[in-house]
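Asks: The transmembrane segment annotation in TrEMBL covers 32-53, 73-96, 108-129, 161-181, 188-210, 216-238.
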Amino acid sequence: MTTTDSCGVQANVTVQYVHLDSLKRLVRTTGLLYLLLAVLGMFSPLVLEALVVPDDPATTARRIQDSRELFMGSLLGWIVIVVADIALSVTLYLLFKPISRALSLVSSALRLTYSAVLAVFLLPLYQAAALLGQAGRVSGQEAATLELAAQTALETFSASFLLALVFFGLHLLFLGALLYRSGYFPRFLGVLLMFGGLGYILDSLARLLMVDFGGLPGGLLLAPAVAGELGLTAWLLFRGIQTSSQVPIGQ
C-alpha cells in the first residue's frame with residue numbers, strides 16, 4: 001500500500017513538473033512573439049509614414065521608387081506581423097484560459113479579427129508596389145495615372161489599418177481584464193492595457209471619422225497601450241509567471 005501511494009505521489013509530481021515546464025515555454029514563446037511584434041510594429045508603419053506623402057502621388061511615387069527595397073521590406077514586415085499576431089492569439093488564449101475561458105476566447109477572437117482585416121488589406125500595399133513599378137517604366141499622363149492609383153491603394157490600406165485597430169483596441173480591453181484578474185501579473189499592467197485599448201478605439205475612430213479631439217495628440221491616447229504591452233513583454237521574458245497555489249497550472 002505504501003509503495004502504491006509513493007508511486008502515485010511521484011507520478012503526480014512528475015505531471016506537475018511537465019505542466020510547469022510547458023507553462024514556462026508558453027510564457028517565453030508569448031514574450032518572444034510580443035518582442036518580435038514590438039520591433040516590426042515600429043519598423044513597418046514608420047517606413048510607410050516616411051515614404052507616403054498624403055495627397056501627393058508624384059512625391060510618394062518618387063520616394064518609394066527611390067527606396068523600393070525599404071518599401072518591400074516594410075511589406076514583408078506586415079506579413080510577418082500578421083503571422084505573429086495569429087500565433088500570439090493562440091498562445092494568449094492558452095495562457096489565460098485557466099483564468100476565464102470565455103474572456104480568453106473573446107480576447108483572442110478579437111485579435112484574430114484584427115489580424116484577418118490586416119491580412120486582407122495587405123493586398124493594396126502589394127498593388128501599390130506593382131503599380132509604381134509600372135509607373136517607373138512609362139512617363140507623362142500614363143505614369144501620373146498609375147501614381148494616382150498607387151496613392152489610392154496606399155490610402156485604402158491606411159484606412160483599413162485604422163479599422164483593424166478598433167478590433168485590436170477591443171482585444172486589449174479584454175486582455176487587460178484578464179491580466180487584472182490573473183493574480184500572476186501586476187494589476188497595473190492590466191489597467192494600462194484597458195486604458196490603452198480605449199485609447200486605440202477612440203484614436204482610430206476619430207481618425208476614420210475625421211473627428212478633432214481639440215488638439216489632443218493621438219500618441220497620448222495610445223501611450224498606456226504602449227507602456228502596458230512593453231511592460232507585459234518584459235515581464236514575460238524576464239520575470240515569467242510566479243507560480244503558487246493560487247495559479248492554476250496545466251488546466
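Using N, Cα and C of the backbone, Cβ positions are placed for all residues, glycine too.
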Asks: Between 32-53, 73-96, 188-210, who has the most Cβ pairs under 8 Å to the transmembrane segment (161-181)?
Replies: 188-210
Asks: Going through 32-53, 73-96, 108-129, 188-210 one by one, which has the most CB pairs that fall under 8 Å from the transmembrane segment (216-238)?
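Replies: Between the candidates 32-53, 73-96, 108-129, 188-210, the best contact partner of the transmembrane segment (216-238) is 188-210.
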Asks: Looking at the stretches 32-53, 73-96, 188-210, which one shares the most CB pairs under 8 Å with the transmembrane segment (108-129)?
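Replies: Maximum Cβ contact count belongs to 73-96.
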Asks: Give the nonlocal contacts of the transmembrane segment (188-210) in its own chain as ranges (CB under 8 Å, at least six residues past its ends).
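Replies: Residues 159, 162-163, 165-166, 168-173, 175-182, 218, 220-229, 231-232, 235.
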